[in-house]
Each structure stands twice: as C-alpha cells, then as structure tokens.
Amino acid sequence: MDINQLTQEILNGRRLTRNDDLSFFETCNFEQLCQGADLIREKLRGNKIDLCSIISGRSGRCRENCKFCAQSAWNKTNCTEYEFLPEEKIVEKAKNDAAEGVHRFSIVTAGKALTGEEFEKAVHAYKTIHETVNIDLCASFGFLTKEQFIELKKVGVNTYHHNIETSRRFFPNICSTHSYEMKIQTLKIIKECGMRICSGGIIGMGETMADRIDMALSLSEIPVDSIPINVLTPVKGTPLENQSPLSAEEILRTVAIFRFINPQAQIRLAAGRKYLQNGGSAAFTSGADSTITGNFLTTTGTDTESDKKMFAQLNRTI
C-alpha cells in the first residue's frame, strides 16, 4: 500500500479496521510513514500541544501482578509505599502545574481500585481543585463502578485514564490477576457516563509490532479520546528488568502507526521519552500531539519548562 495515498484517504475520512491488511506498517518506508502521520496530526489535530501532569496519590502494595510495575507487591522492588496523600499536597501540586501552563491534572493511585474512605478523600480533593484551580481534571483509580465514575464527574473530573496496556493476545503474558476484557468493559462504562477516555499502554515489553497494531485497533473501536504511549523503563526487581530497550526508530514507527489508526485522538507521549533524543521531539513530528510533563509514578520525566522550550522550537502552541 502506498503511504502517501493512504495519508490522503485518512484525511478524506477513511478509517482503518481489522478488515484491512495492516502488516505493511511494519516494513513501509519509515520517513514517509512519519511524514504522513505528522500531516494527519496537523490537518486533524492542529498545532496545539496538550500537556498533562500526574501525582501519585497512593503508592505501592498493589495486589495485581503486572510484570512491568514497580508498585506490584508480587515484584521485589524498592518502591516507596504510602497511603492516600493529604489533600493540601495534592491541591498544591495542581496549582503549581496550572501556573506552569499544564492543561490537565490527574491523581493516580496504586491498586486494583480506589474504594471507601480513600475514594471519598479523592473526591473531596477534586472538588477543591475544581473550585480553586483553572485546570482540567483526570483520574486514574483502576476498576471503578459506574456510580463512582458519576461521583467523580459531579466534582469536575471530565477524563478517566485506564490503560489496556497491550494487545488482547499478549496481555496474559504481563498480567493474570485481571483480564483484558475487564479493561475493555471498564472503558465502555466510562463512555456511558459521558466522560472522556484516556487509554493506551506500554511498548517494549516483548510484544510484536502486530500486537501494537492490534492495541491501536482496540482503542479505535471504543473509541478513546487520548492514547498515552509509554516506552517500558525496566525496573529492577520486576520480571521485565532485563528487557532490551526499543530503538528510537521502532518507538517513532509505533507512534506514527497509532496516528494512522486513531487519526482524531490525542496521541500522548508518556514515560520513556529518555529513549528518544531532545526530549522526544521527533515523536511530535511523527504524529504525537500531547504529552505527560514532569515526573511519573516511579520514574523521572521531563520538566515542564524544557518541554515548553522544545514545543516553541517546533512552532507548536501550548
């Protein structure tokens, strides 16, 4: 298939499905692929960059056995453990991030689901932020009920983050304490509640490019609004600690493919930007239009001022 022709077809409204033979993405000309993805980004998403930030609201002792995660109790890591943070610390982080020009702020907690008193603390913190800080609100608390999603929405949370992590085929290789179908059903509940969906995954866990294409298709079928692409940062003490890093070209090819399959979604560069030069700037000329700025849950990220300078050099607006 000709990439330039496909680019024009996407711009004219075509959407790729499982009925299409997408294996050509794995071997097609790399530069043409990235150029096509960037053109789709420019025409359908514009030049505005969406910046989001996160705070780890509760850390460690997670009972799920995700092989990539430093916070899983199944893995022997040196992860810091603490209960739900005091509200004032969360609100302060939101205020500081908003002052730096960040558009979205999310509390992220370890564990299968946030429940009981800790969930109510989160709701109250969001209510305070919504009333006092000019920033969009996201949440990432695992498998919640429809009633919990509605409660979050009432206090100003308009986006919920819930990664599917990888393809349906590869998922059992990284987690067995919950299923891929549980994740898909959770995304459908989020959509029923009228919230935006942020869902993506991690690349570099041993999956194939075909798995990544399958994940991109699963997300397009929901469809989701924002797709964070994380590059695995192997953590000592996890089963994936010796996983070889992906090349820059493979990372960028993946970003571009996700843009072709999800042309109108935000493609959000997340953890692992260190594997790309210059803060990952090449990803933003290969289809990405959003990023998480600042630090992540258990790994170091890129500071917001450096990101803003990079985007200015790319002639993008914040």
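Quick reminder: no glycine exception, Cβ is built from N, Cα and C everywhere.
What TrEMBL annotates here:
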DOMAIN    44-270  domain 'Radical SAM core'
BINDING   C62, C66, C69  [4Fe-4S] cluster binding site
BINDING   S106, C138, C198, R268  [2Fe-2S] cluster binding site
Which entry in the list of binding-site residues, C66, C198, has its Cβ near the fewest other Cβ atoms, using 10 Å as the limit?
C66
Quick one: Cα separation, C198 ([2Fe-2S] cluster binding site) versus C69 ([4Fe-4S] cluster binding site), in Å?
19
Taking just the CA atoms, what is the gap between R268 ([2Fe-2S] cluster binding site) and C69 ([4Fe-4S] cluster binding site) in Å?
20
For the recorded [2Fe-2S] cluster site, enumerate neighbouring residues of the same chain (Cβ within 8 Å of the Cβ centroid of S106, C138, C198, R268, site residues themselves excluded), in sequence order.
C52, I54, R104, S140, T159, H161, S226, P228, I292
Determine, for the [4Fe-4S] cluster site, the additional residues of the same chain whose CB lies within 8 Å of the mean position of the CB atoms of C62, C66, C69; present them in sequence order.
E64, N65, F68, A70, Q71, S72, W74, N75, A110, C175
Between the Cα atoms of S106 ([2Fe-2S] cluster binding site) and C69 ([4Fe-4S] cluster binding site), find the distance and write it as a whole number of Å.
19
Cα-Cα, whole number of Å: C62 ([4Fe-4S] cluster binding site) versus C138 ([2Fe-2S] cluster binding site)?
21
Sorted by position, what residues of the same chain at least six away from C69 ([4Fe-4S] cluster binding site) have a C-beta under 8 A from it?
C62, N75, V235, T238
What is the pLDDT of the domain 'Radical SAM core' (44-270) when averaged and given as a whole number?
95
Can you tell me how far the Cα of C66 ([4Fe-4S] cluster binding site) sits from the Cα of C138 ([2Fe-2S] cluster binding site), in Å?
23
